[in-house]
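> My questions all concern the structure below.
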Amino acid sequence: MMMDARLRRLVFLLLLAAAAPLATAQLSQDFYKTSCPDAEKIIFGVVEKRFKADPGTAAGLLRLVFHDCFANGCDASILIDPMSNQASEKEAGPNISVKGYDVIEEIKTELEKKCPGVVSCADIVSVSARDSVKLTGGPEYSVPLGRRDSLVSNREDADNLPGPDIAVPKLIDEFSKQGFNLEEMVAMLGGGHSIGICRCFFIETDAAPIDPGYKKKISDACDGKDSGSVDMDSTSPNTFDGSYFGLVLEKKMPLTIDRLMGMDSKTEPVVQAMADKKTDFVPIFAKAMEKLSNLKVITGKDGEIRKVCSEFNNPQNSSSSSSVIRTSSVNADEVAGLSSSSSRKVGPPDAVETPAMVADEAAAKVPGGVVVSVGGDQQQPPNPEADRPGLKLRGSREPVNPAAPVEPGPGGEDAAKQQAVAALEEKKKRNMAKLRAAQAKM
């Protein structure tokens with residue numbers, strides 16, 4: 001009996017010890033109440049200042065949180081700069097034109113002055129997105145704090161974010177995998193695409209039905225300029241509202257996916273319902289953003305609190321067995337200069353700028369207004385009207401040289417796959433080089 005009592009006590013103590021980290025690992029509204037009580041005030045102050053100087057700041061920060069959280073959780077992994085021959089999420093095709101890095105770094109600098117080593121970059125990203133929504137007239141939603149920053153940033157984790165011409169069923173599947181239902185998906189797109197701009201480089205008017213008058217308007221605004229842009233929401237570009245849904249049904253949105261949303265049998269009824277009552281989507285959007293900001297967060301003693309958001313506190317070289325970022329599959333010269341705060345030149349020195357840039361591997365639109373994503377793995381349907389005169393603002397696609405045929409036999413199938421992968425990688429390199437050249441010109 002005495003032994004049984006001791007055993008039970010031992011088991012109880014072990015369970016108690018195991019549960020303790022779980023209690024401290026939870027996010028909470030007052031996480032910085034004593035360690036940095038002015039944290040949220042400082043974040044809002046910087047975001048508000050930058051928003052007043054440039055209303056587009058809000059769309060950039062909203063898109064930034066989506067790209068960070070949707071790829072591998074809300075861990076600030078998107079903020080890491082690539083190092084020499086090592087890749088990071090920032091290098092991925094969907095993230096090449098993401099904006100807001102400089103805003104996050106300014107916030108971090110101010111917080112380090114007030115309470116060094118306390119507030120994580122992951123918390124800054126989530127809170128700044130919430131504040132951006134508020135500043136544009138959107139809902140206030142809850143963002144509990146206590147996230148920690150990742151020790152890993154892999155380009156591959158961000159290479160397949162939903163693109164601007166993704167099929168609606170595939171888009172539904174991608175959001176479902178992250179825990180979002182159909183209404184939440186539509187509401188997030190509606191809120192995210194109601195502010196910000198869309199670059200002409202990523203607009204393809206022939207990919208889905210479009211209002212003729214709106215098509216001419218886009219044509220006049222872009223006029224062959226890949227670096228030009230149009231407002232995502234032509235009626236209220238800097239205000240968070242429900243006008244998106246009516247524009248979708250009228251086929252007056254620049255991105256293919258938005259126009260497709262108003263035609264698909266599953267999404268069209270939801271879009272119509274939200275267009276009929278434009279305020280009904282607001283609480284759904286707020287709930288979805290709360291869920292987004294809590295995706296796969298790092299808490300407790302895991303991860304770290306970075307001193308500088310674009311760098312790990314103790315980065316390890318790729319030759320180490322405990323490498324924190326994988327070796328890049330892109331030429332080392334193409335990796336440098338991706339941070340907006342960096343003084344390094346963006347893009348390889350031999351990159352050629354051309355009006356007919358290809359966006360297959362670096363085109364996207366996700367919540368937040370501006371665009372970019374990888375579409376290289378998606379098979380493009382044949383387009384019998386490809387040579388028809390008309391507006392095609394995203395540029396004509398470059399053909400991929402097919403891999404040489406492989407004779408049947410042992411290992412033949414694997415060799416064919418390897419050649420196909422090599423061809424795709426080569427195409428990705430070309431497209432990313434062109435996109436970076438365009439970024440350098442802007």
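One-based numbering along the chain as shown.
Glycine is no exception: its Cβ is also placed from the backbone N, Cα and C atoms.
Because TrEMBL annotations are produced automatically, they should be read as predictions rather than curated entries.
Predicted, not measured: the structure shown is a model, and the values here were computed from it.
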> Can you look up which of Cys36, Cys69, Cys74, Cys121 is joined to Cys115 by a disulfide in TrEMBL?
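Matching partner in the record: Cys36.
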> Nearest by CA distance to Pro162 (substrate binding site): which of the recorded positions is it, out of Cys36, Cys69, Asp75, Asp233, Asp241?
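Spatially nearest to Pro162 (substrate binding site) by Cα position is Cys69.
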> Which of the recorded positions listed here (Cys36, Asp75, Cys309) have a Cα atom within 10 Å of the Cα of Cys69 (disulfide bond)?
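Final answer, ordered: Asp75.
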> Expressed to the nearest Å, what is the distance separating Asp233 (Ca(2+) 2 binding site) and Cys309 (disulfide bond) at their Cα atoms?
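Taking the Cα atoms only, Asp233 (Ca(2+) 2 binding site) lies 32 Å from Cys309 (disulfide bond).
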> What's the CA-CA gap between Asp241 (Ca(2+) 2 binding site) and Cys121 (disulfide bond) in angstrom, rounded?
29
